[in-house]
Amino acid sequence: MDQMKEMEQLVKQLNEYSYKYYVLDQPIVSDKEYDSLYDQLIELEEKTGHVLLDSPTQRVGGEPLKKFQSHQHVALLWSLDKAKTAEELVAWEQRIKKKLESNHEIEYIVEYKFDGLTLNLTYENGELVQAATRGNGVVGESIIEQVKTIQAIPLGVDFNNKMEIQGEGLMAISTLAQYNKTAKEPLKNPRNAAAGALRNLDPKVTAKRKLGAFCYSIGYYEGMEFETHIQMIDFLKKNRFPVSNYIKSCKGIDQVIEQIREVEAGMKELDYLTDGIVIKVNDLRTREILGYTQKFPRWAIAYKFEAQEVTTKLEAVLWQVGRTGKLTPAAQLEPVEIAGVTVSRATLNNWEDIQRKKVKVGCQVWLRRSGDVIPEIMGAIEETCEEAVEIEKPQHCPACDSEIVHRGVHIFCPNSLSCKPQLVSRIVHYASRDAMDIEGFSEKTAEQLFEALGLKNIAALYELKYEDLIQLERFGDKKAKNLLDAIEESKTCKLDAFIYALGIPNVGRKTAADLANYFGDLEKIQRANYDELVVLPDIGGIVAQSIVGFFEDEKIIKSIELLLAEGIKPQHKMKNRQESIFSGKTVVVTGTLENYGRKEIQTLLEEQGAKVSGSISKNTDFVIAGDNAGSKLKKAQEILESGVETNLQILDEAAFEALL
């Protein structure tokens, strides 16, 4: 047999065995037989000097990386809203029905909420070309070499177009127990073990952990159409992705609640950590209608299992100063394991919280964790507090010794100009990737600039010179020049990035983008009053007050003036909606286009003033149909044939380009 054909046959055979073993849990050959075939494949690869892309030998882990590279996701990875009671789930369904203007029964899909590390897998031309962490939902870190060591994740699929598969990297509880039998340093819990392995620069370390994974959604896809979430899951199964056996369809929220009770009763039998249930609307067209809030999809929610509680000793309380000057008490605890995670820190919200819970240093406290990384102290065990020490209310800032001020239940340091934690946090936020994106700027750098160079405001960043930086510890010629170049490049920035960089309370990335798109100009945003702001979608009264109050602050006004004087040029490309036939129209794109990716054509249409939708109705104005257009094109044709009054037009790619 030809050596290449023999390699192809071995790869196919070994991948089939791995799929049966790691995904279906149905081993069909002995380890000895598998190893023998694997050794034959290695021998052939060495002889031919050729390695097939989906060869299992690619999973062993390559050389250690120097650092993780950033990766921008095609589709946003959203967070989920949360519910803790059946009443909150009922209220969620009521909000959905109100949005849909319908009281019809809704079909939901119920799945486990796994407690591991979120993965976003990119496939092109049938190959796994990228794997990344969630990051901030827009940009994550590439961990493809680490993910390749997960045997359950296919390196190749029978689908050639681009797609992003969302899932969770995990370590089974039984695998952790087996690993710890021979480990020099035993791992404390499966969640940290999985996250630590996937974020280890050395893929060989990842491989030793023998991680698993479950895939649960397709965030982005080209050249295919789905009508339901179940169809997505069937596609994943067909292409041999690891999918949880627990996926239930429920008619109405009452059935969902029944399922949750069943799962809670049996969750201790699971071999993977779960901290809740995810409930999703099954119909994708309904999802399009429901849309998204500023943070969450309206069509999905996470139900968090009843919190677990343990007791431990409160060893100390440290007051920390944040970017806004607010002092927050952080509890240091005797390490304890709760819900599969070892914790040594916990939340105490403010001084009133400390008094209400009657906690003291040295006493035993009740600790609750409900899916959150940082648990909460619920109260003290009174009989352990006799010899404990009262927590002192700060009278001065722990960082700069300024006299503190009270605003409601919170304590603030008013020294915003020279209090180190405040200034360092503001500068780090300003330079962050979602803001001014000054590459190579870290919290350590900000601290050095504050302490060694006396940096007292953000605008002073733009006055730094090579001679200033080269004298700093760990700053060589290249690092100094690169940082100065990055600072200079940040002068030309997008308006929404600049707005976010300013650190307006309650204003995140999306709200900053909404402000930029609506007003189109920094000065107009600064002058906007409460009534102008509160009418914007997703900007309520609290956010509007925050924005108005921020831009009325004399220190803020002065700070912005200094930045503009340094040459900062926030720019925003206003959409010219008067010159395009698509201005104000609803457009649906379906199928694969030759000259445009899905994200690219959506951006182009929005710049033309169009509203891009994912569902067809008689109110749709244009359907742009590419190759392999599916149910959406069929639906558009049915509307036209029905004789209903509509402005709907179907365009192929050439007709679309002719109208631009």
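Numbers run from 1 along the shown chain.
Using N, Cα and C of the backbone, Cβ positions are placed for all residues, glycine too.
Since the structure is predicted, the reported quantities are computational estimates derived from the model, not experimental observations.
For Lys113 (active site, N6-AMP-lysine intermediate), the Cβ neighbour count at a 10 Å cut-off comes to 20, with all displayed protein chains included. According to Swiss-Prot, the feature active site, N6-AMP-lysine intermediate maps to Lys113.
Feature annotation from Swiss-Prot assigns NAD(+) binding site to Asp31, Lys32, Glu33, Tyr34, Asp35, Ser79, Leu80, Glu111, Arg134, Glu168, Lys280, Lys304; the stated evidence is sequence analysis. Of all Cβ atoms in the shown protein chains, 19 besides its own fall within 10 Å of the Cβ of Lys280 (NAD(+) binding site).
Cβ environment of Cys397 (Zn(2+) binding site): Val321, Leu327, Glu403, Ile404, Cys413, Asn415, Cys419 lie under 8 Å away, each six or more residues apart in the same chain. For Cys397, Cys400, Cys413, Cys419, the entry in Swiss-Prot reads Zn(2+) binding site, with the evidence type sequence analysis.
If you look up Swiss-Prot, you'll see 577-660 marked as domain 'BRCT', on the strength of sequence analysis.
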Entry from the binding-site residues list Leu80, Cys413 having the most other CB atoms no farther than 10 A: Cys413
Cβ neighbour count (within 10 Å, all chains shown) around Asp35 (NAD(+) binding site): 11
Neighbours of Cys397, Cys400, Cys413, Cys419 excl. site residues, C-beta within 8 Å of centre, Zn(2+): Val321, Gly325, His396, Pro398, Ala399, Asp401, Ser402, Pro414, Asn415, Lys420, Pro421, Gln422
Helix, strand and coil residues within the domain 'BRCT' (577-660) as assigned by DSSP: 29 helix, 17 strand, 38 coil
Overall pLDDT for the domain 'BRCT' (577-660), taken as the rounded mean: 82
